[in-house]
């Protein structure tokens, strides 16, 4: 079924928005997010590996030809370093590792080089926004005191290590190892990592902590850096398990109805709200369970299962059986969005991602059942003539579509669904680590030190 869904999403993108970043499935035209500046083709690059894995050979070939002829980074525009890294660099790296086609390696390294000026700050903590023509960077104007954002500068590690591996140029890996050095030097309030860090002073901004937006993938990449290093990156491992310990102590709570959730921390005060993005953490805890210190493996799996259950409840308690952007545990409500501006669903993958990890690591059939519920809801409420659209209010009787088919729907949501219903030997966890946009990157085995040299 996810194969037919992919075909519907891809065919309509091709018909109405080919070469543009994303599709507007209701108005049947292209959509461009300012995150990518003037770079085009986000959906193509994001979907390459999904097309390959689903054996959509014709489509993959067309996509590859578009990349060869039209993917151009010489644009005078400001881009989000984080988004371009996870979608474009990540998508190109995976396409290369899966298909062996040299064009993808070449483009990935070329783009990586264009991103390097973002690190030209006093601390080496990169800017959020970069003009890829002029090399001038800056931070989001709304971010606490001109700070860089934890989830943004903390979500470069996997891709940049692979860029060094594939180019033989150590500079990429050096840039991301330096980020770690800066973080290790800093005092962490209660062992937690605030979401804001000033790249000039090297000091934390506001003491806000979140495992959802602004924080999420930083934690994911600590664990995955260790896994991707064939478990040799002891530093990443320690940082991850120490962080989980602090998260458990300060952020994880149980509602009166017995649902485990991860709250947000604002300078010592808890906000009892959990974002859809935070739902990825169930899969993360389960993936990290095997390496957990002092007999905590079962506990981490249990934690993953509890988060999966809470997030399933957030879906089940809506009219459309798709989860809201954020849901709360206060004033008598549990796992329900109470604010209008949190009731939307933009085809996000995190809950399905957690089902996929939980299925692979426990084989409890309920995760496939929950995944199937999500498929039915997507087909019923998000599928339109011209593709798939997000929803403005999942509690409503009537669909109000937002008219965007996000590139991550093809990259992540449909890929995780496909993997949830596939055998475990498709992209097995011992050989592959998924970047935060679901792009699989190979584990770098200890004996592969010389590969980078050979591939130059």
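Just so it is clear, glycine is given a Cβ too, placed from its N, Cα and C backbone atoms.
Cβ neighbours of residue 83 (active site, proton donor) (same chain, under 8 Å, six or more residues apart in sequence): 35, 36. The active site, proton donor annotation in TrEMBL covers 83 (among others).
Residues within less than 8 Å, Cβ to Cβ, of residue 216 (active site) and separated from it by at least 6 positions along the same chain comprise 151, 210, 277, 278, 280, 281, 436. According to TrEMBL, the active site annotation covers 216 (among others).
When Cβ atoms from all protein chains are considered, those within 10 Å of residue 325 (active site, proton donor) total 20, not counting its own. The active site, proton donor feature in TrEMBL is assigned to 325 (among others).
Taken from TrEMBL, the feature active site covers 350 (among others). Within 10 Å of the Cβ of residue 350 (active site) there are 23 other Cβ atoms, across all protein chains.
Residues annotated as Ca(2+) binding site in TrEMBL: 436.
In the structure as shown, the Cβ atom of residue 279 (disulfide bond) sits within 10 Å of 30 other Cβ atoms. Here TrEMBL flags 279-311 as disulfide bond.
Counting only same-chain residues six or more apart in sequence, the Cβ atoms lying under 8 angstroms from the Cβ of residue 311 (disulfide bond) belong to 276, 279, 282, 323, 350, 351, 354. Around residue 436 (Ca(2+) binding site), taking its Cβ as the centre, 25 other Cβ atoms fall within 10 Å, counting all chains.
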